[in-house]
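The following features are taken from Swiss-Prot:
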CARBOHYD  N39  N-linked glycosylation site
CARBOHYD  N106  N-linked glycosylation site
MOD_RES   Q24  pyrrolidone carboxylic acid
SIGNAL    1-23  signal peptide
Amino acid sequence: MHTTRCILALLLCLTQAMSGCYCQGTLIEEIENLKKYFNSSSLDVVNGGDLVFNILTNWQKAGDTKIIESQIVSFYFKLFEALKDNQAIQRSIDTIKADLFANFFNSSMEKLNDFVKLTKIPVNDLQVQRKAVNELISVMPHLSRKLSLRKRKRSRCCFGGGNRPNKNILASNI
């Protein structure tokens, strides 16, 4: 019985690994299809350097990567939206969007819809500007949560029980 479970677990692992390879291979094929369609291997495309990749490599700290990744995903979603009527490349675009959906949005349709909704808000509309400024006081604490947590941790270690040599002496006496 134990051997049967081990074999089933092994088969499950192999199936998962092979499906991941298949999906990755399909994604690469679809990207290659887009490159061929747009003739993006041509020398004139390389002139002026990379459009997105250099920016991505400049943002390598753990907290920074999510910020720039969301902007890059937004860029590609806008690009795909502009190309949505092109039937010749629609399958490739759909495959790439599905991969972004699975990896960036954790397959959550609600997160994807919220993301797309944010990218489509018309920032030149006066009513939108007024609403956004009105909400800013509520939004900012959520956006700067990491910064305030770092400050709180730093304060805790230096005052009232942090790593002082003699904890019996008050911080004000040091």
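Each Cβ is built from the backbone N, Cα and C atoms, and glycine gets one as well.
N106 (N-linked glycosylation site) sits 32 Å from N39 (N-linked glycosylation site), taking the C-alpha atoms as the reference points. The Cβ of N39 (N-linked glycosylation site) lies under 8 Å from the Cβ of V45, each of which sits 6+ residues away along the same chain. Here the Cβ of N106 (N-linked glycosylation site) has 9 other Cβ atoms within 10 Å, regardless of which shown protein chain they belong to.
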